[in-house]
């Protein structure tokens, strides 16, 4: 049975390729349809190749405005959640204080709670406080749910850090600030970066919580959802493809850089 | 010896307590400039805490630390002219070897570090590895980076916290010689913390034996080995045979003791305990000082030697020597190490023998102590 044998020998590769295809197929469709020229308002059927949408990505009313709002919120939420989350993680690992155990478990709540529930209760809170729904309420909500992810990522890193490294830095004439900047922060950096990346991704494409607390502000995911009722402009695919490409480029660049560094060392 | 005393370390009345636990009892210790000093003891004896108080990583509960004429008791570690080689090295994983070694210089604002760092890496024979990360080096190489990283700052005192603990035996031997060489070359005061008595004895000029937060005895390795003052030192450094004996009489410089049925002679100068006729003392003798003669030849033993009779319980051939365990009425497990020069074929387990030694090799200890102190600790460390 040569076919069976061949399958047996290449099973791992085949499984890998199938999984990869499963993961990438949606992206491929999005990309292919960004070059479509649909008849009517919906971009669900392939008609003919065209680069019209790529030439005029902001050609749909309000879309680029919502994209800009989403990017701003994602950036600020990432910054806020990363700074706060890093500090919380250090506090939880390094210091013994009264409510440490409670805080440690409460920090996981936003990860565990259904998003709709959290969205609804946040809305209740904002309304009762008399807060004006909009950019700021969205930002506050996003920082909140991103926080727990940052804390988890950074905490793991800080916990595995040898406390003697900081003592060694102090022993070698580094004051507290220098020790933090030169030793603690660089060693915790991969955890912080992971938390930040996760925050950005979570914030950028959050729909449920944003939709509840946005007031009249429209973020990119809300725009896509809203336009899906009336028609889907090709530009949505253009933006999606562009985001995907930027992400892939970032990953490739970091891989090239770290490879080159390793080769220099060896 | 120079008259410069800026590298002296003076600890006066220094102690450390954690809640109700006392890690270090008030301690007086002076380490002279340029010496290689070892703090020796089992884990938990307070030696590392003492070292960390000198480094500034631990605040003493009482007492003062002086470096030369400067009091540094309350200075933070980054303001002390002292550097440490940490247990398991604590090299910065995100920096390469060059930057690890340059760290101290850069923090003190020195811009052109290249030449110094390269020289230091040459001293520890790691010139080729400058651009590698710590995890790419072997244990022995990492250890040398840790030494270089500390030494480049030309500290007044270099502190070494079990620096060779993570290395295998052969490498440890090599590094002991290496460290000793470096110390002689740079002339800096080294304070070395270890639980390995052999390591302390081969490397240090002066050894302080610590037990339960106190210094039991301080002296040169030979002095500690030949004249232990406590049962802990006698048992922790090498092996000692200890016999309970009663003071019979004094004759000139010697004390005559009664043990079992026989008499033993102990020079008064080698007895650290008060002796009154009828009082008890512990008599000690090292296993390699003892000669073993078959009971049939007992008549040939010189008159002036201390002698004890017994029966060989066990013997093990080690190559250079044979180690015997003798069952004797005065001491149940008497250990004797005999050089394998002329082996008497009659000395096998079961044989009746006479143990004899020069009285000058006998030492006397206060009988009011635990006769097995220091024995258990050694076993614990080996486990």
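Count begins at 1; order follows the chain as displayed.
Cβ from N, Cα, C; glycine included.
Annotated by TrEMBL as transmembrane segment, the relevant range among A:161-182, A:183-204 is A:183-204. The largest share of C-beta pairs under 8 angstroms with the transmembrane segment (A:183-204) comes from A:73-93, of the ranges A:12-35, A:73-93, A:105-127. Most Cβ pairs under 8 Å with the transmembrane segment (A:12-35) belong to A:234-257, among the candidate stretches A:73-93, A:105-127, A:133-154, A:234-257. A Cβ distance under 8 Å defines the sequence-distant neighbours of the transmembrane segment (A:133-154), meaning residues of its chain 6+ beyond its ends; these are 69, 72-74, 76-78, 80-82, 84-86, 88-90, 92, 107-111, 115, 118-119, 122-123, 126, 188, 191-192, 194-196, 198-199, 202-203, 206, 209-210, 213-217, 219. Within its own chain, the transmembrane segment (A:73-93) has Cβ neighbours under 8 Å at 100, 103-104, 107, 135, 138-139, 142-143, 146-151, 153-155, 158-159, 188, 191-192, 195-196, 199-200, 203-204, 219, counting only residues six or more beyond its boundaries. Using a Cβ-Cβ cut-off under 8 Å and counting only residues 6 or more beyond its ends in the same chain, the transmembrane segment (A:105-127) has close neighbours at 88, 92, 133, 137, 141, 144-145, 147-149, 151-152, 208-209, 211-213.
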